[in-house]
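Asker: Quick one: structure below, then a few questions.
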Amino acid sequence: MGHSSNLTIKEAVQYFNRLLAAKNSASSIDYFNCFFKALTRMKNSNNHSAIVFSLFNRLGLAQTNRVLPSPDICTYSIFIDYCNRINRPGLGMIFFGRFIKDGQRANALLFTPLLKGLCSENKMSNAVAMVLDKMPKLGCTPVVISYNIVIDSLCKNDAVSKAFSLFEHMLSVGIKPDVVTYNSLINGLCMTGDIRRAEDQLQQMRARGYEPNIVTYSTLINGLCKNGEIEKAEELLHDMFSQGLQPDVVSYSTLINGLCKNGEIEKAEAEELLCGIFPQRLQPDIVTYSTLINSLCKNGEIEKAEELLRNMYSQVLQPDVVSYSTLINGMCKSGEIEKAEELLRDMFPQGLQPDIVTYSTLINSLCKNGEIEKAEELLHGMFSQGLQPDVMSYSTLINGLCKNGEIEKAEELLRDMFPQGLQPDMVTCSTLINGLCKNGEIEKAEELLRNMYSQGLQPDVMSYSTLINGLCKNGEIEKAQELLRDMFPQGLQPNVMTYSTLINGLCKNGEIEKAEELLRHMFSQGLQPDAVTYTTLVDGFCKKGLLDKAMEMLKCMVSKGTEPSVVTYNSVMDALCKKGEARKALVLLHIIKSRGKDPDVDTHNIPVDGHCKINELEKAQKLVDELVSKGILSNTVTCNIIVDALCKKGDADMAEKLLYHMLDKGVTPDQITYNSVINGYSKLGCWKDAIRVFKDMIGEGFQPSEVTYGSMMNDLRKQGQTKEAEKLLDLMVREGIKPGVVSYQFLLMGYTDEGNIDGVMNVLDRMQLNNVAPEYATYTSLIVAFAKNRMVDEAMCVLKRMKEEGVKADLSAYTPILKQLLKMGCVDDAKDLVNQAISKNND
């Protein structure tokens, strides 16, 4: 049986039969023990254990027919150990019971596999009892290995105090510990983070004459590294040399891992560490390299990580899937997706099969990068490589598709999971529910939630909250409320986010009383609203004009220990200003500052705007000056507020000065700023100034909008300069801006006021030429204007044009002309027009 590993089980049985039949088989059990030892170490195959146990039983049966040696303590030890190796330690206890029944005397050799079996099943109290009680009762004194087995297992099972109790007992009965004992205790202390006691044990070990070995040092180095004490770990490595011990790969790898995790990547790459391994002909293993690659990637040093991967090949070390996956993950996180894809392709020629983690990492990054098609191709590529994508792979791609708005594809992918034997999890379904809601497909989202139950999935709070949010955004508040009520029978407790979502929906829908009622329900459920919940309600009350209620809610918020945010205060300040109470808003601003808040320029803009609206420009300017003096730069919004107020007050000159002052202070005016100043000058009739600012606006790179042109055209026509207004329309067209009905209407109104029917008709012709159809209201307003000015013929021309253009003229279009004809005493003309109107309407 010297080459038993090459034997088949059939050949082993044949060998056993020859051994039984041999004439000298009775002389010693040693032949059988050698056979059983070799047999139990053969590679397991079908029915291997059954055959092994049957041969043991055959040895016992053969004894009844002829003289054969009885199984001795060594035989039983072999079989008890075999039971442990096939993960059936309970059978080992049966063999032990048979041994005792045979009347044989046990020794420590027999108890060793028994203790290992108990420890493997985590039956620590039984293992301790065996050492302290059972072994002595059976006349067997435990030896150091007996204690070591149990001490080591106790330490690994986080029972270090019990391990030390057993250690003390061991010393008290005169059993001397060995290096293994101390190594186990030091490891246990390191695992619990008690590094100081671990260091003490190292000193005690030396004091008692035991020299630490490589395992001792490596264990303590690992503990120090995990505790972030890298310098001490390095000192311990140097101490190994001084003790004549050569650190092995594990020692170096442990320290390198510690350096990496502690962020000392440069030290980890230091030549004395990596190069220090090679002179001793120690080859850094894959774990060492993978650790370094991972650390470099986390540090964003992708090129160095790539170089290290290539270096592995130069050291005749084949990187594994973990090495590649680690680098691919690093590249993805650094946004180097193309490099990651290339590295994935490089794995195949090296005989490496990317695993699900590798693919999922890349699929996730491609989705985040918006490269959904590539992510889909990668998922399908997994099948061609014989890999079954897991739920995470599908969830990642479904999420990507949803974010990309490809909801139908996401739904299809969800359906594809079932034939693969995959059950979508909560994350997958919640992701799709969210996607459907964002896409406005609320009914499908509701259906998906219902289907989750039929698939054996219990929707969680997040699933319901997502759908409630979708319903609220879609204006289906009643359904959202119903869904909230449905959660309780399902054993689900809505959280703060769920309530806040619905409260927000109710507030936006103007149902502030119901929102307040829902807040009370939150309290009854033992939930404490957060700042978002309160702010939503405060804002809701403010928008409803219920300032007293808003202030009450603000006080409630503070009394409940929730600090209002600047956004909360902004809502109240804005409501006060709209009510004309800018002074109260200013008081609130001081309260914000007194509570240690740091209001930004947008918060200061609220009382600035408030003062402007009640024509307190000096106070508004004073606030702006305070901002600047405190180093808070006013922004474009601030200046626009003041500029607009100045223009409305008729002080366009000051508004223009402020505009250029903005430029000097590095605050860039926007189109609104220029429009305000231009409009201010236009209203004052200061056309040269308006045109100058208009040109400056274009010079600063702003394209005047139709609003800018329209405002100037309107003011020009009001001052009887319709021709000039039409020139602006021509400029507008040249600048590539297509005038709308409103712009043409300003010209029509101007020519009408001037009584210029030719001008009106020319404008209507231009509108027709540029495919801008005059509306019914355009024609009727022209008829009314001409009729009022006793220009009946002109009004009739417009009426005729209206009918020619196919716009139906009802009685209200005729009425202004009829009234004017009657006033002028033209009764016959009025009668003819009535008949004409009746005739046309009957048609």
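Here the Cβ of each residue, glycine as well, is placed from N, Cα and C on the backbone.
TrEMBL entries are annotated by machine, without manual review.
Positions annotated as repeat 'PPR' by TrEMBL: 107-142, 143-177, 178-212, 213-247, 248-284, 285-319, 320-354, 355-389, 390-424, 495-529, 530-564, 565-599 (among others). Look at TrEMBL and you will find 688-775 tagged as domain 'PROP1-like PPR'.
So where do these features actually land, and what's packed around them?
Answerer: Note on the repeat 'PPR' (107-142): mean pLDDT across this stretch is 90.
Sequence-distant contacts of the repeat 'PPR' (178-212) (same chain, six or more residues past either end, CB-CB distance under 8 Å): 144, 147-148, 151-152, 154-156, 158, 160, 163-164, 167, 170, 219-220, 222-224, 226-227, 229, 243, 245.
For the repeat 'PPR' (355-389), DSSP puts the residue distribution at 26 helix, 0 strand, 9 coil.
Secondary structure of the repeat 'PPR' (390-424), assigned with DSSP and counted as helix (H, G, I), strand (E, B) and coil, comes to 27 helix, 0 strand, 8 coil.
When DSSP labels each residue, the repeat 'PPR' (495-529) comes out as 26 helix, 0 strand, 9 coil, counted as helix, strand and coil in that order.
The DSSP breakdown of the repeat 'PPR' (565-599) into helical (H, G, I), extended (E, B) and coil residues amounts to 26 helix, 0 strand, 9 coil.
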Asker: Can you work out which residues elsewhere in the same chain, 6+ from the ends of the repeat 'PPR' (355-389), have a Cβ less than 8 Å from its Cβ atoms?
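Answerer: Beyond its ends, the repeat 'PPR' (355-389) has Cβ neighbours at 321, 324-325, 328-329, 332-333, 335, 337, 340-341, 344, 347, 396-397, 399-401, 403-404, 406, 409, 420, 422.
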Asker: Cβ under 8 Å, sequence separation of at least 6 from the ends of the repeat 'PPR' (565-599): give me the contacting residues as numbers and ranges.
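Answerer: For the repeat 'PPR' (565-599), the list is 531, 534-535, 538-539, 542-543, 545, 547, 550-551, 554, 557, 606-607, 609-611, 613-614, 616, 619, 623.
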Asker: Quick check on the domain 'PROP1-like PPR' (688-775): DSSP residue counts for helix, strand, coil, in that order please.
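Answerer: Grouping H, G, I as helix and E, B as strand yields 65 helix, 0 strand, 23 coil.
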Asker: Could you tell me what the rest of the chain brings near the repeat 'PPR' (530-564), counting residues at least six beyond its ends with Cβ under 8 Å?
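Answerer: Sequence-remote neighbours of the repeat 'PPR' (530-564) are 496, 499-500, 503-504, 506-508, 510, 512, 515-516, 519, 522, 571-572, 574-576, 579, 595.
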